[in-house]
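These notes are about the structure you will find just below.
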Amino acid sequence: MQTLSQVLKASNAPVALQDVLTTTTNTCIDICKALHKGSLAGILGVAGNENVQGEEQKKLDVISNDMLKSDLMSCPAVRAVASEEEDDIVPANTNGEYLIAFDPLDGSSNIDINAMVGTIFSIYHDQGEKPATEADFLKPGTEQAAAGYVLYGPSCMLVLSTGQGVKMFTLDPEKNEFVETQESVTVDKDTQEFAINMSNQRFWSESMQGYVNDLVAGKDGARDKNFNMRWVAAMVGDVHRILCRGGIFMYPWDSKDPTKPGKLRLMYEANPMAMLVEQAGGKAHTHTQRILDIQPEGIHQRVPVILGAANEVDKCLSY
Ligand code: F6P
Ligand code: MN
């Protein structure tokens, strides 16, 4: 079995991109170790602040953000970083060639119950003479040079795309390195499993309610087949399940807070996951367009997300 560094060396990814990926994933190994210590290290619970999105920060949100930020800032290939936990972008090295946006700890409400969380990242190539600005980050997801996540579950896994399919790696804790465990990931076009937070049902659009009603009606309804439902409450866990055994995941627009067009953030949740899902043969849309085609307007912009099995995403959009 090949290690991550062997796979990267054998790929045609530029050396500077390999450096950014190695730095990011090594930091994720450190985050994994911090998570495993849990209460023993006194790192569970709230940090006592809110992030720029008005969400309560957990200690581990802050710790993993600080770890990624500091390691990436000292990687010469990194031009700037953007994070869910930082109000503004953080310029790193003016001569760096890559911008990286990340969600340092996705699904962090799962920390309290010792359930799945992960780190999601999205990398763009960008060179300039001046320190990077937010405007440099505002590129559509189609321009991502690489995207991936590290899932901190029963085993620690890296799922990565540099634009030539999707590979899965598993952390060998003895050797302290990621080892390739699936060379090529594909998502079936059809599915009988969906993921959505049903408690928001009454706030969805009429068409989304109609679609989910038909899923729930199963064999007795218009779809004439039964569906199963799953909800990890961490996007990284739900998308991982889809990459492993298929399905459709939705966090649609809802009317709970009319100022928010969706819950998930485009730059460090929707775009990297959309790249992975598309690279595995699935689809990723808002209710009106392909996610990767969106021209971002801000680093913390939110979008509705419908992704997974291609035919099921089409079916949902047909409502
Ligand atoms: O980052 C936002 C997030 O935690 C996602 O990981 C997850 O899919 C979603 O929010 C969970 O939302 P809810 O609290 O509605 O279950
Ligand atoms: Mn998140």
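Backbone N, Cα and C atoms are what each Cβ position is placed from, and that goes for glycine too.
Since the structure is predicted, the reported quantities are computational estimates derived from the model, not experimental observations.
L105 (Mg(2+) 1 binding site) falls within a strand when secondary structure is assigned with DSSP. What TrEMBL lists as Mg(2+) 1 binding site is E84, D103, L105.
Within its own chain, D103 (Mg(2+) 1 binding site) has S83, E84, T119, I120, F121, R265, Y268, E269 as residues 6 or more apart in sequence whose C-beta sits under 8 angstroms from its own. If you look up TrEMBL, you'll see D103, D106, E269 marked as Mg(2+) 2 binding site.
Summarising the annotation, TrEMBL assigns substrate binding site to D106, G107, S108, S109, N197, K263.
TrEMBL lists 5-183 with the feature domain 'Fructose-1-6-bisphosphatase class I N-terminal'.
Annotated domain 'Fructose-1-6-bisphosphatase class 1 C-terminal' per TrEMBL: 188-317, in sequence order.
Listed binding-site residues: L105, S109, N197, K263. Those with a CB atom under 6 Å from ligand 2: none. Proximity to ligand 1 (Cβ under 6 Å from any of its atoms) holds for these binding-site residues out of E84, G107, S108, N197: G107, N197.
Taken residue by residue, the domain 'Fructose-1-6-bisphosphatase class 1 C-terminal' (188-317) breaks down under DSSP into 57 helix, 23 strand, 50 coil. Taking the centroid of the Cβ atoms of D103, D106, E269 as the Mg(2+) 2 site, the other same-chain residues with Cβ within 8 Å of it are E84, F102, G107, G118, I120, Y149, M235, V236, L264, R265, Y268. Of the chain residues outside the Mg(2+) 1 site list E84, D103, L105, D61, S64, N65, S83, E85, F102, P104, D106, S108, T119, I120, Y268 have their Cβ within 8 Å of the site's Cβ mean position.
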